[in-house]
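Heads up, the thing below is written out as structure tokens.
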Amino acid sequence: MVRVIIKGGVWKNTEDEILKAAISKYGKNQWARISSLLVRKTPKQCKARWYEWLDPSIKKTEWSKDEDEKLLHLAKLMPTQWRTIAPLVGRTANQCLERYQRLLDEAEAQDNQAGSSSLGLTGTGEAVPSADDVRRLRPGEIDPDPETKPARPDPIDMDEDEKEMLSEARARLANTQGKKAKRKARERALEEARRLAMLQKRRELKAAGINIKQKTKKGQIDYNADIPFEQKPLPGFYDTSAEASKSYKAPVGKTLQELNRRNVAPEDPSKNKRQREAEEKNKQAKEASTGRSEEQIRKLKEAEQITKRRKLNLPAAQVGQDELEAIVKIGQAGERARSLVEDGSSDATHGLLEKYSALDSAQTARTPQVAAHEDSVMREARNLRLMSSAQTPLLGDANVDLHSSQSSVAQMPGSHIPQTPNPLLTPSLRDGQSLDLERDSRSQAGASTPQRTPLRDNLGLNVEDKLQAGYETPRDLKRARNLAQSRLRQSLSSLPAPKNDFDIVVDDEEAEPEASSSRLDEGAPISEEDAAERDARLARQAAEEQAKAEARRSQVVCRNLPRPADVDLARLNKHIESGYRDRVELLVARETAKLLHHDANVHPIAGGKHPEPESVQLESLSDAALAAARELMRAELAEQFGFPGASQEALQRLVGASLDDDDEATQKLEGALKQRWLESRNDKAGLVEELASARARMAEAASQASKGEKTLLKVLGGYKARSEALSASAKEQYKALEEAAISRETFERLSREEQGGKAERLDSLRKEVERLASREGLAQTAYKALEDERNALQESCELLEMEINMRQAEALNEAALSQ
């Protein structure tokens with residue numbers, strides 16, 4: 001059956017190189033001819049690959065913020081018109097589409113994260129897959145747009161199809177002339193060979209005394225004698241006899257120097273002297289200006305580097321020189337008033353003035369931070385996502401609530417220039433710029449009122465004015481106070497309950513002298529450890545200790561298995577003493593009861609009683625002791641099951657299989673746990689009732705077991721026989737597997753032993769090959785010499801035959817003349 005090749009798929013590096021070479025030869029219009037060089041690609045795919053990936057003008061760098069803003073703005077104006085948007089942005093259409101989808105995905109992710117929980121908490125369930133996970137190709141899926149992806153690298157061993165495609169493309173691209181040019185060149189070579197043969201024939205006949213007149217073909221022109229399409233001009237009004245007498249023959253027998261001397265005028269000796277002096281002056285000036293030229297080149301390079309730097313663009317100053325002088329004068333007036341009060345004799349007026357000097361707070365003063373602005377790219381992406389997910393107006397829903405921009409007028413993003421806030425400037429309309437007022441949910445009317453100039457009120461006289469700033473009516477002020485109180489109550493209610501746990505911790509500074517002395521004794525560096533590094537080290541140590549402490553917990557707590565909420569250790573020990581006779585089992589049961597009591601108090605579960613750590617008496621074991629105990633348990637279990645040295649996984653399977661038949665210890669422990677729920681006055685009645693119920697369950701289980709045994713004997717008889725047969729087959733296969741393993745080990749050993757002799761055999765074979773190559777070279781040299789000798793002999797024979805023919809012709813001529 002003929003193999004069908006479906007064109008398309010992932011582009012390879014070899015195909016990209018062939019495509020670029022073909023475009024350099026055939027251009028960007030003959031895509032059918034270009035695709036004929038690629039077996040697995042169509043003309044449309046070749047064109048898309050060039051314009052989407054291989055074109056050097058494609059910009060593959062990271063997207064800047066300006067490009068993102070321009071893309072979102074154009075996508076809002078021209079939705080889904082990516083072929084129109086792409087040249088405006090300076091990218092390809094596919095790049096614009098992928099970037100647009102990524103921006104929408106990022107905006108959606110931020111909205112989901114902000115909407116799920118304001119504290120950033122997540123649940124224990126499985127996380128929702130991201131947009132990248134949804135768009136990622138699954139195994140078995142085909143990429144619908146492989147022309148925009150990087151090429152697959154070349155493998156070390158290419159397929160035969162790829163090698164054939166490369167060789168054919170190399171041969172076709174190397175042919176720069178074409179079939180017609182080859183045919184014309186072959187015809188010209190044949191014509192030249194025919195002309196040389198005819199010339200040789202005429203020369204030989206002339207030497208033999210036979211002259212052949214060269215015949216001119218009819219209808220042809222001799223270009224050596226005649227001028228084709230010659231048209232003689234008509235005689236004019238001027239005499240041309242001088243031109244007619246002028247000789248146009250070639251100057252045969254004259255040298256080039258004689259011809260040049262005849263056409264050149266006589267030399268002027270003064271002119272040559274002036275030229276030599278000018279050349280000497282130029283040489284001296286050039287030597288003197290060598291140093292200056294190097295200095296000028298260096299200065300030009302520095303100026304070029306300076307011009308390449310970007311110009312520093314700073315916003316206009318918000319406080320002018322006049323305003324600064326006014327502020328200084330106001331401060332000086334306040335200082336003079338305070339000095340007059342302090343110099344006075346009365347102390348009652350000292351507390352009426354506070355210090356408002358700017359020098360006192362100059363050290364702590366900082367430039368106010370620029371007000372935080374929302375990312376315009378994310379805002380536009382959210383708006384576009386909301387618009388694309390909006391329902392039709394026919395349903396009657398409300399319009400989509402879009403995020404407002406910096407102004408109501410549509411503008412290109414990025415035109416807003418942030419300025420450093422000035423606390424001394426009165427917030428108002430200035431220089432045609434609108435004031436960005438704070439939008440508060442407490443009052444929309446208050447947001448339209450400009451805020452006041454910040455007051456310096458150290459005495460607290462204008463507290464009411466500060467609260468009323470920005471609020472137009474008392475009602476808005478009351479609503480703001482109520483909202484602040486409710487927020488405060490909500491924040492206080494979310495605080496955790498007090499635990500009243502106090503630990504005495506030794507200060508790190510007190511322990512530093514001992515640590516420093518020990519470090520000095522050990523030869524550590526004298527420099528003090530950095531505080532950040534010390535805190536990081538202590539945090540790592542605390543995390544390691546916490547992880548070790550969690551690993552030392554019981555397996556029930558670590559795996560979060562079901563366990564009782566409350567354990568009465570005294571009652572549990574009483575029932576354990578009466579229920580176990582073996583000393584080993586008794587010790588194991590006691591330790592289990594202690595672990596239950598310890599886990600119930602130290603690691604309580606939801607709904608349990610208040611923990612009582614002081615009542616827990618459990619010996620703490622080190623990690624080494626726990627590891628040794630686990631190893632002993634594993635070895636003991638392996639011995640009991642009859643598989644000494646078994647791994648942990650094998651033991652887990654064996655224990656799981658044996659738990660179905662050994663429930664006696666479990667029933668005893670469950671009975672002891674159930675007894676603690678019974679009251680002391682109903683112990684006897686409870687035991688009698690439990691005994692009766694146990695006997696009833698036992699009788700019912702016995703009857704059901706007998707019925708089930710009979711049924712299983714009838715139903716599972718064939719399965720039993722089949723199981724025995726499969727068991728025998730498994731044993732045989734296991735035996736065969738062991739034999740195969742032995743054979744494998746044997747061959748591996750032979751392979752290792754063979755590595756030593758392989759090098760010697762390779763050396764001997766290389767030497768043999770070199771010897772054969774040298775012999776072949778000698779033979780080729782001898783063959784070349786013999787071939788040259790044969791050719792020389794053949795040429796001499798041909799010359800002799802020609803001479804014999806000429807002599808025969810001369811003899812015939814002489815005989816003819818004598819007659």
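Along the chain as shown, residues are numbered 1 onward.
Including glycine, each Cβ sits where the backbone N, Cα and C put it.
Here's what TrEMBL has on this protein:
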| type | residues | note |
| --- | --- | --- |
| DOMAIN | 3-58 | domain 'HTH myb-type' |
| DOMAIN | 3-54 | domain 'Myb-like' |
| DOMAIN | 55-104 | domain 'Myb-like' |
| DOMAIN | 59-108 | domain 'HTH myb-type' |
| COMPBIAS | 115-125 | compositional bias 'Low complexity' |
| COMPBIAS | 443-452 | compositional bias 'Polar residues' |
| COILED | 684-740 | coiled coil |
| COILED | 783-819 | coiled coil |
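Counting only same-chain residues 6+ beyond the ends of the coiled coil (783-819), those with a CB under 8 A from a CB of the stretch are 204, 207-209. Helix, strand and coil residue tallies for the domain 'Myb-like' (3-54), in that order: 31 helix, 1 strand, 20 coil [DSSP].
Here the domain 'HTH myb-type' (59-108) has, by DSSP, the following mix of helix, strand and coil residues: 37 helix, 0 strand, 13 coil. Averaged over the domain 'Myb-like' (3-54), the predicted model has a pLDDT of 91.
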